[in-house]
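Below is one structure; the comments refer to it alone.
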Amino acid sequence: MIKNEQIDGNKEMIAFGMMNIVGSFTSCYLTTGPFSKSAVNFDAGGKTPMSNVVMSVCILLVLLFLAPLFKYTPLVALSSIIVVAMIGLIKVKEFIRLYRVDKFDFCICMVAFVGVVFFTMVIGLSASVGLSVLRALLYVARPATVKLGNITGTEVFRDVKQYPHAKSVPNILVLQLGSPIYFVNAGYLRERILRWVEDEEHICKGHGQDLQCLVLDLGGVTSIDNTGIGMLGEVHKGLDRKGIMIALANPRLQVTEKLVVSGYIKDTIGEESVFLTITDAIASCRYGLRRFRGKEGCSEV
């Protein structure tokens, strides 16, 4: 990274693992690649992996013939070499940048730093990796659902909180789901969708209207499992009891295939409820409402 080169860490870890497996048959010393060795090697002027071969030969000769001479070498002298090499890797400005950009990233960084400095590298890295995995799980289990509004004069729909001038569509609620739908977050998404519907119903009643249609923008949903499909079915049943139609906009190919195979599109909402864009879905919902109201008027006559 210092030399702006592309490094594949996975291949390096595979190489270390293979060397340790082969070396274990001959009682070889464990091969690792800590940052201190890499930093010392770089500061010494190493250009290619051949420097590691030369270093290994030199260490072998030292251990065989010169080890008794280094018996009384102070550990302070050896540690100072590592300290000098590692100081160049500590970027205080990067800490400050992390604190300004993302507080959670800053916490992960400080946990790794404190764990490695005051305990061991295994403790520091394990704690930081654990926090990173925890954050990833929280993001997956609590995905964002946003209400979309129309930008006046266009067919663009954006988050109403991010764009306050975006206007909601009368009698129609447009929601955007921006993450894969798995068993981990299916229950949370169902709760959030129904809560959005409930809040929108209160807003519509305040204007003397009723919520008639829910449009789900699935453009950001990259995949869905069986539990997610079941969740959509439960949402449809709950809305159907209230007389609210549901429409899907821009579902991805992988998602559409599963919804078709499961029968959700054909048997539950109908093929006429899947659209390419949000604008098409809203136009169809309005047309369906006009037809429904027209039929009601004819029946009353």
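Each Cβ is built from the backbone N, Cα and C atoms, and glycine gets one as well.
Here is what TrEMBL records for this protein:
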type	residues	note
TRANSMEM	13-32	transmembrane segment
TRANSMEM	53-70	transmembrane segment
TRANSMEM	76-92	transmembrane segment
TRANSMEM	104-125	transmembrane segment
DOMAIN	162-285	domain 'STAS'
Tally of residues which DSSP labels helix, strand or coil - the domain 'STAS' (162-285): 63 helix, 21 strand, 40 coil
Model confidence over the domain 'STAS' (162-285) (mean pLDDT, whole number): 89
